[in-house]
Structures are given as structure tokens and as C-alpha cells.
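As recorded in Swiss-Prot, the features of this protein are as follows:
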ACT_SITE  C78  active site, proton donor
ACT_SITE  C232  active site, proton acceptor
BINDING   N17, Q49, N69, G79, N80, N172, N205, E223, R224, G233, S234  substrate binding site
Amino acid sequence: MSALANRFVTKMNGLGNAIVVLDLRGTGIVISAAEARAIGQGKGLHFDQLMVLHDPLSPGSAAFMRIYNIDGSLAGACGNGTRCVAWTLLREDHRIGAELMLETAAGQLACLKLAEDRFSVDMGKPAFAWDAIPLAHPVPDTNAVDLARDLAVLPPVDPDALRKASMVNMGNPHAVLFVADQDACDLALVGPVLEHHPLFPDRANISIATVVSPDHIVLKVWERGAGATLACGSAACATLVAAVRHGLAAREARISLPGGDLTIAWRAADDHVIMTGPVTFEFTTRLDPSLFQALVA
């Protein structure tokens with residue numbers, strides 16, 4: 001029988017971004033891509049991201065998180081999922097202002113409880129160097145990258161936006177395209193092409209953004225390994241940063257995604273990006289042993 005059989009998982013969402021939290025602290029278990037995919041087949045457990053908690057690597061941290069997409073691939077960051085993990089670990093601590101530190105492969109994330117269902121997360125500093133994003137080769141300016149190059153057929157999106165895409169790493173690689181008309185861009189057609197663009201050796205998250213005003217941006221996101229999602233916290237962070245770099249937005253703005261709004265602030269004092277938004281608890285259940293039968297046969 002799989003070591004994951006009958007273990008409890010918590011299903012949550014952050015602005016509709018489907019999250020499953022699995023606490024494996026104290027077990028030494030590291031799940032495989034196939035096991036992550038199997039969990040997503042459980043009743044009601046289809047996820048955009050699976051947040052797996054392990055023993056912390058650093059003193060003062062509550063947990064080390066491995067983050068899986070629904071296809072079993074690993075993600076470097078998930079802002080909505082991090083808020084859900086913070087809610088899970090601070091569930092019995094009703095103090096407003098309660099804090100905890102979480103770790104990922106991309107670094108430490110400080111979480112702050114603002115209300116029972118609202119948290120902020122310090123997502124760290126954005127990276128802009130071509131090899132930090134990463135890109136397949138150097139480019140003159142990561143804030144204006146021509147993604148039309150190397151594509152035999154251009155996806156249905158504003159050509160000017162495609163030729164001036166902004167690259168940001170917020171734990172994950174992000175490409176942000178600013179368009180005047182969201183409805184003119186079919187994300188289901190644009191997202192897969194750009195996610196697998198030859199410039200992105202690790203694939204990329206694709207953000208299609210419209211700046212309504214300096215403090216309001218409308219955004220839809222194609223996540224690598226997950227597809228179109230109702231919300232993506234790291235993409236919201238990357239989009240605000242890209243908008244500031246383009247001179248289109250203030251350093252704090254409301255980012256409106258299909259699932260709702262996030263508040264993103266890029267602090268001038270230390271360059272850290274702070275994401276604030278809600279979480280919603282759905283249910284807790286046990287993992288059905290039958291999910292893993294094909295994997296241990």
C-alpha cells in the first residue's frame with residue numbers, strides 16, 4: 001500500500017485557484033510526479049497546485065514546501081497556495097497579526113495574518129537577468145523581448161505586445177504582455193504556444209494584462225503545467241513589477257483576475273513584492289488508497 005494512502009489533505013482555493021495541501025512533515029516522504037497526478041484524480045481534489053509540506057530546512061521556518069502542478073511538474077512558487085498553507089498552519093491561532101515563515105526552493109516567504117481569511121505574503125525580490133528568468137540566451141532588454149521571433153505562426157495576440165513582452169522571475173518564470181483589449185486575446189490559443197516558446201528552457205507562465213489606471217490592472221494567466229487558471233499570485237506580482245518598469249503603474253495596485261482581486265505592492269525600500277488576498281477553506285478528506293494502486297502494482 002502506498003505511504004500516501006489514507007493521509008489527510010485539505011482542499012482550498014485562493015480566488016478560485018484550486019489548491020490542495022498535504023502535510024508530510026515528520027515522515028521523510030517525497031512524492032513523485034505520478035503520485036501528484038494521482039492525488040489530483042481524487043474526488044473533488046482536482047488542483048491547480050498541490051502544496052506538499054516537509055520539515056523546514058532553516059530554524060524559525062514552519063515548513064519547506066514542494067509545489068506541484070496538476071501535470072506533476074514542480075513549480076518554484078505559488079502565491080495563492082502559500083496563503084492557503086499559512087491559513088492551514090495558523091488555523092488555531094486566531095491572533096490578527098500572527099506570522100510564520102515558509103520555505104521553497106526559491107527562498108523564504110514571510111506570511112502575515114490580516115484576518116481569519118486574509119493573508120499577505122512577502123514574495124521576495126523579482127529577478128530580471130536573462131539567466132535568472134531563465135531564458136535560452138541573452139537578450140538586449142528583458143523588459144522588451146520580441147517573442148515573435150522563432151515562431152513560425154504567430155498566436156492571436158496584439159503583435160506589438162508580443163514584440164515587447166516583459167520577463168520577470170518571481171520564483172517562477174513569467175512573461176507579461178500588455179494589451180489594450182483582453183477580449184481580443186484567446187488565452188487558450190495564445191497560452192500553450194508561448195508557454196513552450198523556444199526562448200523558455202523551463203517553460204513560462206504567460207500573463208495577458210490590461211492597465212486600467214495606475215492603480216488597477218486586469219489580468220488573465222496561463223500557468224505552465226496547469227493551463228488557464230482563475231488566479232495566479234506570482235503572475236499578479238510579476239505583472240505589477242512589469243507595469244512599474246514600463247511606467248504604466250504605481251508601485252501598489254489592485255490586480256483583477258477572473259477569480260477576484262489581489263493587492264500587490266512592490267516596496268521601494270527593499271524591492272520586495274508583497275501580495276495580499278483571501279483564502280477559502282473547502283474541505284478536509286483522506287486520500288483513497290485506490291488512487292495509488294496502479295503506481296504500486
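Note: Cβ is positioned from N, Cα and C throughout, glycine not excepted.
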Across all chains shown, how many C-beta atoms besides its own are within 10 angstroms of the C-beta of S234 (substrate binding site)? 32
Within 8 Å of the Cβ centroid of the substrate site residues N17, Q49, N69, G79, N80, N172, N205, E223, R224, G233, S234, which other residues of the same chain have their Cβ? D48, A75, A77, C78, G81, V221, A226, T229, C232, A235
In whole Å, note down how far the CA of C232 (active site, proton acceptor) lies from the CA of N80 (substrate binding site). 7
DSSP secondary structure for N205 (substrate binding site), reduced to helix/strand/coil, please. strand
Which has the fewest other CB atoms in a 10 Å radius around its CB: C78, C232, the listed active-site residues? C78
Fill in the CA-CA distance, C232 (active site, proton acceptor) to N205 (substrate binding site), as an integer in Å. 9
